[in-house]
Amino acid sequence: MYLTIWLVSILALGTWGQKFNRFCHYNSWALSRNPQHGLVPEDIDPFLCTHLILGFAEIDESGLRLKDPNHYQQEYLYQRIVRLRRINPRLNMILSVGGWDKSQEGYSKLVSSRENILFFTKWIITYLRRHDFDGLDLDWEYPTFKGSPMGDKKKFVDLVENLAYEFDIEEIPDIKWKLTLTWTADPLESVRTSAYDIKGIASKVHNVNLKMYDFHGHWDDPLQVNHHSPLTSPNSPRNVNELAKSWVKAGVRIEKLILGIPFFGRSFTLKTANMSVPGSPAVGPGSDFGDGIPIHNLCHIIRGGTKELYLPEKKVPYIVSGSEWIGYDNPRSVMEKAQLVFNNALAGVMIYSLDMDDHHGTCGRKWPMMMAVIHGLNAYMEYIDSKHKSLELTFNKKILRARVSLRNYRRRNQQEKVAEMEQRIRHLEQELQQSMGNMAYERQQAQAMLNRGVSLPPIEQQSWSW
């Protein structure tokens, strides 16, 4: 069922030709996960996302620059991430500054003076260009919170205005695109009214990324089990649908609005094991100790026999294992959230985070959550075509380089090299022809699947059994 926020049917009719942004977070600590679940940049499918957000860079003690990436051994990580553009030249690379534990002191220092803001604005452009990033994401969590002065709310707007202005007027002859500026924000009313001048910020950035998760957790008081990212809810405004509506009413244009989708669950330890319905009392976080449980872990729990339960009024699943209660998203629920974006012509989705999906396919097919999002956005054929065009372009580049080498060898009368290069060109042309045949078949199969229709699986069907 398609949900509509504003109930304007003519709007939904216009979305079929629209391409939706797919912002995907990739966290630097993804490399430190155990070998079974770690995700190195080279294993990322660069066509799954339109934008890859690398998190998180940290503002240094002076408030004027970012900390040296070597401080986090990230210099090489930057290079490895950006190298994905060799496979998909259209992939946008965004550097995110801040995050939950790296925001407050640095941002407050940065905006503490006009001089700091002006210096940082010039400096960050050079930094982004040097590391081959396409844009900057501001993830300050949050102005006026955790010791941040009340004046930081207005000063954050000043920072955004200066960045937007300098990004816009930047003129470099060999650069064919302008830098992108995005803002990642907490959608909850309690944060929104205190921390943000929504109109002031949203009018200057290209996209507003709403963190549509962590609405509930072990920090709640009183502490009760509740799903942290419900799509809808009849009894609380803390749900994706209502919060999206509230931000549009607050002044964010729908063509800028990006909805965050979590690829992790939040756990609680029940006070009484046999009292597990939502709203039951809890005594603290579960086995994740408050860090969140990635989908690539949850799928094994479910495949191991733990029964998946469903909250029809919230359109999200949860499980109970002993005294542990875990609310999470599965392929069905993220597809439905993506359909909300599609049906209302929003700008797209933000995935948090790509490295939490079952990217190795240990529970079935690879990237089950990401593929569900792509289907929900009706973007599967776009995904297939992008991969095919890139592969064809790669082969043609190899053939062109080989032919240039062949001409040089002939000019030098290096007959042995000529024979080797002629054989290489024949092999490349054969591989290209075979690949084109495979691509045509794959596209035909994809179109047939889409013609049959990709529907939501039955509620009673357990995830990762499809």
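Glycine too: its Cβ is placed from the backbone N, Cα and C atoms.
Here Swiss-Prot flags 1-17 as signal peptide, drawing on sequence analysis.
Feature annotation from Swiss-Prot assigns domain 'GH18' to 20-380.
DSSP assigns CYS49 (disulfide bond) to coil in the three-state reduction, outside any helix or strand. Taking Cβ-Cβ distances under 8 Å and a sequence gap of 6 or more within the same chain, the neighbours of CYS49 (disulfide bond) are ARG22, PHE23, CYS24, LEU91, ILE351, LEU354, MET370. The disulfide bond feature in Swiss-Prot is assigned to CYS24-CYS49; the stated evidence is sequence analysis.
Residue density at GLU141 (active site, proton donor): 21 other Cβ atoms are found within 10 A of its Cβ, drawing on all protein chains shown. Annotation source Swiss-Prot lists active site, proton donor at GLU141, citing sequence analysis.
Here Swiss-Prot flags 408-442 as coiled coil. In the predicted model, the coiled coil (408-442) has a mean pLDDT of 93.
In three-state terms derived from DSSP, CYS24 (disulfide bond) belongs to an extended strand segment. In this view, CYS24 (disulfide bond) is surrounded by 25 other Cβ atoms within 10 Å of its Cβ, with every protein chain counted.
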